[in-house]
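K.L.:
Straight out of TrEMBL:
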type    : residues                                   : note
BINDING : ASN29, VAL31, GLY56, GLU77, ASP105, ASN122 : S-adenosyl-L-methionine binding site
DOMAIN  : 36-207                                     : domain 'Ribosomal RNA adenine methylase transferase N-terminal'
Amino acid sequence: MSSRALGPAEIRDLAGLLDLQPTKKLGQNFVIDPNTVRRIVTAAGVAPGETVVEIGPGLGSLTIALLEAGASVVAVEIDDRLARQLPVTLRERLGEVELTVIGQDALTVTELPGDPAVLVANLPYNVSVPVLLHFLEHFPGLDRGLVMVQAEVGERVAAGPGSKVYGAPSVKAAWYGDFSTAGKVSRQVFWPVPNVDSILVRFDRHDPPGTEDERRMTFALVDAAFQQRRKMLRQSLAPVLGDSAAASARLEAAGLAPTARGEELTVADFLAIARS
Ligand code: SAM
């Protein structure tokens, strides 16, 4: 283990110093295993000189590994105590570092210094999908990323049509990029130990298939389709498109069967309905 990494003893000491009681509400499960953070940085393919945005740096486990890989880091942390402590910890362990800390809710961040091209994060469980979609929407310069999320959520985000776990997050993620899972992570690498395992999810951005107005309409259709996932689209889309006759007409105009269900449709199909 590198002497600069945070292991169980260092995490315990830092938590003690801050009198920190990790909260479930903020998804505060800190990585205590240096091999796991190195695995994340390697899977993300972080190169020296790159600017990386990290959401939820916590006590700094992953941030240290990113800085050791030669990245500049912009870290967004909602918890004031952690945001204030982070530069202190990092300076103590690494000396001068290329770090900017933004003490803010990631869901409200609309500007980032340094134009980061890479997102790397161990995301807080309860807001992982909204945070991911928020960053993809607001920061088109983010070309790729590697995030750790709850295993079920990661499998859903990376799923394709026809899969049992395909849902609104899968279609919305596919608007922005190609998503794939990159290996499970045991719950034992965290303190406190969560009730679920985690998974790594990788993405590479592609050009959006439509305009911003079309994206909004497409996402509204996706939400309606998966709110009533077992219903046929002519029924589930009726509230958004007027009534079931209007929904049937739009579906037919888009070349889709009104009896189809949301779980069979690709993002391009939803976009075709939005355009019809
Ligand atoms: N990166 C650290 C690690 O791997 O040990 C901590 C990861 S922990 C799963 C999630 C972190 O996200 C916590 O530090 C928590 O305070 C922070 N957080 C939770 N909700 C947030 C939000 N809405 N915006 C920014 N940070 C948030």
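Just so you know, glycine gets a Cβ as well, placed from its N, Cα and C.
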K.L.:
Please find, for ASN29, VAL31, GLY56, GLU77, ASP105, ASN122 as listed binding S-adenosyl-L-methionine, the greatest distance between any two Cα atoms, in Å.
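P.N.:
Between the outermost Cα atoms of ASN29, VAL31, GLY56, GLU77, ASP105, ASN122, the distance is 20 Å.
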K.L.:
Going by DSSP, give the three-state secondary structure for ASN122 (S-adenosyl-L-methionine binding site).
P.N.:
strand
K.L.:
Count the Cβ atoms, other than its own, that fall within 10 Å of the Cβ of ASP105 (S-adenosyl-L-methionine binding site), considering every protein chain shown.
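P.N.:
Counting Cβ neighbours of ASP105 (S-adenosyl-L-methionine binding site) within 10 Å gives 12.
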K.L.:
What number of additional C-beta atoms lies within 10 angstroms of the C-beta atom of GLY56 (S-adenosyl-L-methionine binding site)?
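P.N.:
Other Cβ atoms found within 10 Å: 23.
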K.L.:
Looking only at the domain 'Ribosomal RNA adenine methylase transferase N-terminal' (36-207), what is the model's average confidence as pLDDT?
P.N.:
97
K.L.:
Across all chains shown, how many C-beta atoms besides its own are within 10 angstroms of the C-beta of ASN122 (S-adenosyl-L-methionine binding site)?
P.N.:
28
